[in-house]
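Noted in Swiss-Prot for the protein shown:
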- 21-41: transmembrane segment (TRANSMEM)
- 45-65: transmembrane segment (TRANSMEM)
- 79-99: transmembrane segment (TRANSMEM)
- 138-158: transmembrane segment (TRANSMEM)
- 179-199: transmembrane segment (TRANSMEM)
- 213-233: transmembrane segment (TRANSMEM)
- 285-305: transmembrane segment (TRANSMEM)
- 313-333: transmembrane segment (TRANSMEM)
- 360-380: transmembrane segment (TRANSMEM)
Amino acid sequence: MKELLRKWNNISLVKRILMGLIIGIMLALWIPDIAAPVAILGNLFVGALKAVAPVLVLILVMGAIANHKSGQQTNMKSILILYLLGTFLAGVTAVIASFMFPVSIALAAGAEDITAPGGITEVLLSLLMNVVDNPVKALMNANYIGILSWAILLGLALRTAGESTKQLIGDFADAVSKVVKWVINLAPLGILGLVFDSIATSGLEVLLGYGKLLLLLVGCMVFVALIINPLIVYLKIRKNPYPLVFRCLRESGITAFFTRSSAANIPVNLTLCEKLGLDRNTYSISIPLGATINMAGAAVTIAVLTLAAVHTLGITVDIPTAIILSVLSAIAACGASGVAGGSLLLIPLACSLFGISNDIAMQVVGVGFIIGVVQDSCETALNSSTDVLFTAAAEYGEWRKEGKAF
């Protein structure tokens, strides 16, 4: 048994995940009723990641700031600029693609009972209120903006603490990181359960009716992942960005695709940053921050579904309005984590720019929920893998200036 486990652990995690993926698809297509209990593996995996992530973020960020030496360089400014630039360019890409390949949709009912935010002010206010959330409540609800703010404050307060206290925090961080590695090793079983549940519950037929819309959405996200992001990274590191891009997509994007949660993928991203040799003081802050504000996939979803509604209703859009939509979708996407339902419930906000009534806008949200299995998975994979990509690009850019190899 020990020999079998040793051989299993010697197989790379990505290969093990692919094995779980294939088995999950086969079970869902061939024996969905008999294999139904398999779905619980996915729920347990996502639950474990979501449980450990808030504690990990609090301790890592607190420790990084408490142990930060005066004059020690971090790349947070560069990373923030990359996050915002990437999200904006994703919105621009979605707007241009929607004009090049206009798609009309059959509006769906069923989302009228959900309350969307009233405007961009409400979204930003919600984000600000999350900053001053009760720390215990923030941990319980996985409010990463609140967790980050408390971790930063506690870290600053502990800057003057004794070395033994700082060492204790470091030991706690190492212990939680070890737990995270144990959980991530269970990813193949988790992915098996998640992919089984998705196919067995939703089926493939429900998605075929919105094929063109899905093609446009996924096409935009793939374009951002394989063209826009590599271009941004190249401008930063001045060398072939694709090895880094593909590694981030492979080791972060795959798990994010199936967990459909940027928060649950934080431990995966932190582990990948460690493998890439990045500075822990930087990535322990930038990764949870990215899970909150780096939302290129959300910007694509908001812009594409809004313009699909516009084309369905035959509304003419001029260039200035299209530019405003690009900016609005980027700003709204950055606030998506502060809204229950995420990017889909920010669609009525963007629709209001074109005078589309809330009733129709909520029907567009209904369409979003129908295609959510694919849309949300691709969106999360893009969002989460980009967190690591831009964190690495910012640090490698500094290494290039210093003449260090990477």
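In case you wondered, yes, glycine gets a Cβ from its N, Cα and C as well.
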> Would the transmembrane segment (213-233) count as touching the transmembrane segment (313-333), i.e. at least 3 C-beta pairs under 8 angstroms with sequence separation of 6+?
Replying inline: no
> Can you find at least 3 Cβ pairs under 8 Å between the transmembrane segment (45-65) and the transmembrane segment (179-199), where each pair is 6 or more residues apart in sequence?
Replying inline: yes
> Sequence gap of 6 or more, Cβ distance under 8 Å, 3 or more pairs: do the transmembrane segment (21-41) and the transmembrane segment (179-199) meet that?
Replying inline: yes
> Against which stretches of its own chain does the transmembrane segment (179-199) lie, if we need a Cβ under 8 Å and a gap of at least six residues from its ends?
Replying inline: 9, 13, 16-17, 19-21, 23-25, 27-29, 32, 35, 38-46, 48-49, 52, 56, 254-255, 258-259, 267-268, 270-271, 373
